[in-house]
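Comments concern the structure below.
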Amino acid sequence: MKTDGGNTWRASHSKPLNTANTMGEPFSHSEYSVHADQSEFYLNELTEHSGQDNPCMNTSRLNTNRYGHPVVHPCPKIHCICTQSNIAAIGSDCTGCVDIAQACKMLRGGLGCTQDPCVKNPHTQCFTDVSNHAMRNVLPLNVSNTEQFPIQIEYANGRNPVLNPMDDLAMRAALLLSKDIDLQNTHILPSTRISIEKNIPVAAGLAGGSADAAAVLLGINSAWQTNYSRCDLLGKAGALGADVPFLIWGGAAYGSGTGSCVTFFETQTLYWVLCFSKHPLSTRKVFQELDRQRSGAGCNHHPVFSNPAECAEMLKKAIKRGPEALAALLHNDLTSAAKMLMPEIAERIKAAERCPGILRAIISGSGPTLALLAEDAEAANRACSILKDTGVICKAVSSPAYSSIYWQT
């Protein structure tokens, strides 16, 4: 992230656990920063949110920028900041949807903060260091003031994983906002070019494209000053895919319907190992195979999640009890379809669950990446080392990550 001059506002967004038969994948995380004076807009996509929690900061380092937003000057190692002012803003955006005090409590608990929630004082800070264990895509977005209004997507390595530009979720996210703007009644919007340096595996079940789409919605909303609320963007995100709304908010949550109905959970930090495959798996083909399997006999619905009304409450209780209780509920309806298309997944799951301290292994999203829930951080790191010795490409991560935003001058 460039910090030399200009007003900057920056946010990070991540997905919750995929503990039910939802269409979402866990662990993807996107963040953006906009340099208004320099007209440069950067997005980073991460696969996790991890690190040692830092104590709450006082308000002595805070003031406001020209837009009246809180300004902070964090340690260079701090990648994510959670402010009570942002939670208050979420509350005002979602009147009746979010209890501000409860949201503050949820954020504080996840970040290990011991300070009492402060709704009246919007400048109370909680910091968390996520400088370690990061895997990220970098997306510079260049904005220029011209009378043209093109939106260009290019890939830094010269290889676009999406053959049809209109299938690119980042492009679709940008176009989604541009369609709502009446250029006759507003200033001419700048031309926009996004260059994506892809580091997260494509077609891996990690929602990399969806994370980019969510960050583009939030980032362009700021860069173009379209002033949509977070709830407005939540509704728009659902049009891009059922998993994109997760990334607008972050945290741990249960999504139902088309993904726009989200129930948030308070949760302790959970430790995982992501095991990657050398070969991609098409989401479209996995769902086609699932449809084929469900059209005949032997439809494999998980009984625990057959009643959506009870699912959120069951997950909430399990998460509070700890990883062992949560492991008993982990299930992915796409598993049988993914195994049919890539039979080696079955053996990979068995090998992973033989590692000491691994409670459960499931496929992430539509696969083929596996998500291994560990007892604790030590077990996750130990399993990661064991699997690496057998040639498995893997990474120890933690969850959940929280949606946050800050401004810096």
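Counting begins at 1 with the first residue displayed.
Backbone N, Cα and C atoms are what each Cβ position is placed from, and that goes for glycine too.
The feature compositional bias 'Polar residues' is assigned by Swiss-Prot to 1-22. For 1-26, the entry in Swiss-Prot reads region 'Disordered'. What Swiss-Prot lists as ATP binding site is Pro201, Val202, Ala203, Ala204, Gly205, Leu206, Ala207, Gly208, Gly209, Ser210, Ala211, and the listing cites sequence analysis. The feature active site is assigned by Swiss-Prot to Asp243.
There are 22 other CB atoms within 10 A of the CB of Ala203 (ATP binding site), with all protein chains counted. Summarising the environment of Gly205 (ATP binding site), the number of other Cβ atoms within 10 Å of its Cβ, over all protein chains shown, is 30.
Here Asp243 (active site) is positioned 14 angstrom away from Ala203 (ATP binding site), judged by their C-alpha atoms.
DSSP assigns Ala211 (ATP binding site) to a helical segment in the three-state reduction. In this view, Gly209 (ATP binding site) is surrounded by 29 other Cβ atoms within 10 Å of its Cβ, with every protein chain counted. Rounded to the nearest whole angstrom, the C-alpha distance between Gly209 (ATP binding site) and Asp243 (active site) is 10.
DSSP assigns the residue listed as 'active site' to coil in the three-state reduction, outside any helix or strand. With the fewest other C-beta atoms within 10 Å around its C-beta, Pro201 stands out among the recorded positions Pro201, Ala207, Ala211, Asp243. A gap of 9 Å separates the Cα atoms of Ala211 (ATP binding site) and the residue listed as 'active site'.
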